[in-house]
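The block underneath contains the structure these notes are about, expressed in structure tokens.
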Amino acid sequence: MKYLHTICLLFIFVARGNSRSCDFCHNIGKECDGYEKECSSPEDVCGKVLLEISSASLSVRTVHKNCFSSSVCKLEQFDVNIGHHSYIRGRINCCEKEQCEDRPFPGLPLSQPNGYYCPGALGLFTEDSTEFEAICKGTETKCINIVGHRHEDFPGDISYNLKGCISSCPLLSLSNATHEENRNYLEKVECKDAFQLARL
């Protein structure tokens with residue numbers, strides 16, 4: 001249930017979205033039905049986000065439809081190894097029309113540890129989360145660190161912190177993050193080379 005609760009809140013990771021109307025809904029699974037809402041600046045496109053959190057044999061997916069900032073759409077997808085055999089994956093598709101096509105989730109590759117590691121963490125409602133060692137695998141040679149907060153009418157202010165191994169640095173930075181009247185704010189976006197494990 002902890003992972004289920006976590007993934008349902010992860011839509012805060014992407015900004016919500018001038019006078020365009022988009023579908024708005026959240027649900028567990030691959031599809032959701034909601035209502036149409038009018039977007040406010042700087043959110044200028046409709047979007048659909050699929051999120052997945054995988055831990056060992058357990059995998060849970062959620063879908064989120066909303067208004068988005070086109071700058072956040074540049075992220076397109078992310079696969080973060082947060083350690084303890086757990087991954088957080090997202091597929092973001094923005095479109096001019098109401099029905100956005102899905103970006104599929106390929107199966108996780110059966111990759112072996114590659115001799116690198118990163119700090120791993122997943123924190124919600126806090127910017128300071130307990131770190132542990134995430135052992136990088138396959139092509140994962142970068143460390144990602146994202147810290148921010150978002151204000152929602154419910155449940156209110158939500159802080160978040162995501163750290164782990166990633167294959168390449170995403171096109172997401174403080175310069176193209178949206179600052180919508182303090183609704184969504186990225187405090188830190190870091191992507192650097194992973195650390196090499198000590199050889200025995």
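Each residue, glycine too, has its Cβ placed from N, Cα and C.
Taken straight from Swiss-Prot:
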SIGNAL    1-19  signal peptide
DISULFID  C22-C46  disulfide bond
DISULFID  C25-C32  disulfide bond
DISULFID  C39-C67  disulfide bond
DISULFID  C73-C94  disulfide bond
DISULFID  C95-C100  disulfide bond
DISULFID  C118-C143  disulfide bond
DISULFID  C136-C165  disulfide bond
CARBOHYD  N176  N-linked glycosylation site
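Structural mapping of features recorded in Swiss-Prot.
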{"residue": "C22", "record": "disulfide bond", "Cβ within 10 Å": "25"}
{"residue": "C39", "record": "disulfide bond", "Cβ within 10 Å": "21"}
{"residue": "C46", "record": "disulfide bond", "Cβ within 10 Å": "25"}
{"residue": "C67", "record": "disulfide bond", "Cβ within 10 Å": "24"}
{"residue": "C73", "record": "disulfide bond", "Cβ within 10 Å": "19"}
{"residue": "C95", "record": "disulfide bond", "Cβ within 10 Å": "15"}
{"residue": "C100", "record": "disulfide bond", "Cβ within 10 Å": "20"}
{"residue": "C118", "record": "disulfide bond", "Cβ within 10 Å": "28"}
{"residue": "C136", "record": "disulfide bond", "Cβ within 10 Å": "28"}
{"residue": "C143", "record": "disulfide bond", "Cβ within 10 Å": "24"}
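Across the disulfide-bonded residues listed here (C25, C32, C94), the residue whose Cβ sits among the most other Cβ atoms within 10 Å is C94. Using a 10 Å Cα-Cα cut-off around C46 (disulfide bond), the disulfide-bonded residues C25, C118, C136, C165 reduce to an empty set. If you compare Cα positions, C25 (disulfide bond) sits closest to C100 out of the disulfide-bonded residues C95, C100, C136, C143. If you measure from the Cα atom of C100 (disulfide bond) to that of C39 (disulfide bond), you get 16 Å.
Around C165 (disulfide bond), the same-chain residues six or more apart in sequence whose CB sits under 8 Å from its CB are V80, N81, Y116, Y117, C118, G120, A134, I135, C136, K137, E140, T141, K142, C143, I144, A194, listed in sequence order. C94 (disulfide bond) sits 9 Å from C67 (disulfide bond), taking the C-alpha atoms as the reference points.
The Cα of C67 (disulfide bond) lies closest to that of C22, out of the disulfide-bonded residues C22, C32, C73, C95.
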